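Structure first, commentary second.
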Amino acid sequence: MSRARDTGRRHSGDRARRDAATADGVAPGPAAAAARWDDAPCPAEAERRAGPGHPSSADDGAGGAPRAAGTVTVEDALTARRRPWRAALGGAWARSPWWLAVLALYGLSRVWGWAVFSVVGGQQGPGPWGQGPLGYLDFVATWDSDWYRTIFEHGYPSELPRDSLGTVRENPWAFYPVFPLLVRGITEVTGTGWAGTASTVSLLAGFGAALVLYRLTCTAPVMSTPRTRGGASVPALWAVAVFAFNPVAPVLQTPYAEALSLLFLLSAILCVVRGRAAGAAVFVVLQALTRPTGVALAAALGVWWLWRSVRDVRARCRAWYRCADRWLAVALLACAAALAWPVIAWAVTGEPTAYTETEAAWRGSSGVVPVLPWFAQATRFLGPVAGLLAPVLLVAAAVLVLRSGPVRSALPFFVRVWLAAYGCYLLLVLNPQSSTFRLLLPWAPLAAALVRVSDSRAYRVLLVLGGALLQLVWVGWLWHWKQLPGGGDYPP
């Protein structure tokens with residue numbers, strides 16, 4: 001018994017040392033002191049180097065102890081005899097290549113999303129988009145989809161609409177052009193309509209985002225094993241499942257720009273982590289013209305470049321004047337791309353503040369004020385004392401999460417920089433309200449950290465099922481129109 005306890009202590013110590021190494025951005029192993037996230041080999045290369053005896057090539061894919069390839073346990077034999085369909089399904093899943101497993105998981109989540117929208121849409125009463133129950137396509141093509149449809153049909157106005165007092169009213173300039181113009185280009189070729197084409201574009205972009213998220217998750221050594229017999233990383237598949245079934249995931253199959261923006265964002269992040277500057281430059285520009293999160297991405301790239309430069313100069317890896325490299329060019333390009341849309345709005349309307357005044361129109365205020373809306377909204381709902389404390393506690397909690405072991409071990413350094421930059425962006429520009437839940441989607445990489453919290457299958461299943469059930473709450477509460485006493489409704 002004492003020998004078994006000693007072995008358990010050694011195994012626990014080994015895992016603690018591995019997590020400590022990966023938390024600092026290095027891969028475990030003899031050369032860990034010299035390794036960095038950006039230099040970590042891809043999972044396939046790591047497995048090839050490890051050889052056929054490595055656990056990743058013989059693991060049963062369930063997170064347990066490795067076993068020899070082809071070994072059949074008594075439990076497997078009994079399961080195959082009692083439930084042949086379950087054994088066949090499990091075998092097919094275990095042998096699936098990573099991309100097929102990801103597509104199957106995400107496809108299942110979108111079927112669930114279709115069911116949620118169909119059920120809730122069937123309960124819709126009179127509202128701005130109809131006088132009774134709505135079918136699936138009609139129901140998903142509501143709310144901000146109307147604005148994208150206006151751009152799809154008429155483009156952007158050359159004059160800002162104003163009320164009798166001269167204040168700018170809500171208008172299409174708040175919505176970025178890539179998504180609606182891409183849909184218009186497709187419909188001109190196919191002859192299809194807005195709702196079906198836009199929903200399909202979002203659906204396909206969501207599949208792409210899930211594939212990229214899987215590859216991004218596998219860049220962390222602790223998330224790349226164990227593997228199924230088909231070579232798929234089990235922790236990374238769980239991360240995809242948590243992302244695909246998160247409470248606001250149904251928006252990824254609607255005529256909104258979220259899915260396309262997330263595809264470009266995750267692709268840009270993956271390119272940075274893998275050191276591919278040219279690819280990062282392309283996706284940075286596309287993302288900056290799809291959703292307004294380009295500002296946060298530019299900030300993340302700038303901070304990351306500065307950190308790399310200071311680190312290399314202090315370590316005498318290169319002279320300071322050699323720090324003006326390709327990544328500085330990518331960061332500067334990201335800054336220019338983030339400013340492009342406000343400049344375009346200025347050029348078309350002739351008003352320098354066209355974009356910012358349009359954004360302010362949704363708040364019912366004369367301008368965008370940093371940070372203060374968080375305190376104003378918290379005071380409104382929580383009272384004067386708790387309202388002043390809540391934003392401070394929220395920021396403190398976010399800092400603790402970013403510094404936690406699961407986040408540091410499961411996410412590359414640049415991903416953590418992105419999470420911090422986007423959090424600062426929300427703090428500075430967001431007026432917190434019911435749409436805040438949807439605006440948290442760019443934090444999708446946190447799914448890997450949630451999975452890393454525990455190896456327990458029950459815990460991970462609870463994450464997925466809990467998110468799936470909360471989709472009913474989110475769609476039923478916010479997407480479903482219910483007239484408020486003062487008019488209007490809370491937007492999703």
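Glycine is treated like the rest: Cβ placed from N, Cα and C.
What TrEMBL says about this one:
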- 1-21: compositional bias 'Basic and acidic residues' (COMPBIAS)
- 1-75: region 'Disordered' (REGION)
- 22-44: compositional bias 'Low complexity' (COMPBIAS)
- 53-70: compositional bias 'Low complexity' (COMPBIAS)
- 194-214: transmembrane segment (TRANSMEM)
- 234-252: transmembrane segment (TRANSMEM)
- 259-283: transmembrane segment (TRANSMEM)
- 289-307: transmembrane segment (TRANSMEM)
- 327-348: transmembrane segment (TRANSMEM)
- 381-401: transmembrane segment (TRANSMEM)
- 413-430: transmembrane segment (TRANSMEM)
- 436-454: transmembrane segment (TRANSMEM)
- 461-481: transmembrane segment (TRANSMEM)
Which stretch from 234-252, 381-401, 461-481 shares the most C-beta pairs under 8 Å with the transmembrane segment (436-454)? 234-252
Under an 8 Å Cβ to Cβ limit, what residues of the same chain, 6 or more beyond the ends of the transmembrane segment (194-214), are close to it? 98-99, 102-103, 105-107, 110, 137-138, 140-141, 145, 148-149, 152-153, 179-180, 182-183, 186-187, 233, 236-237, 239-240, 243-244, 252-256, 258-260, 262-263, 266-267, 270, 444-445, 447
Hey, would you say the transmembrane segment (234-252) packs against the transmembrane segment (461-481), going by three or more CB pairs under 8 A that are 6+ residues apart? yes
Honestly, do the transmembrane segment (289-307) and the transmembrane segment (461-481) touch, with at least three Cβ pairs under 8 Å and pairs 6 or more apart in sequence? no
State the non-local partners of the transmembrane segment (327-348) in its own chain: residues 6+ outside its ends, Cβ under 8 Å from one of its Cβ atoms. 156, 158, 173, 176-177, 272, 277, 280-281, 284-285, 288-289, 292, 294-295, 297-298, 301-302, 304-305, 308, 354-356, 358
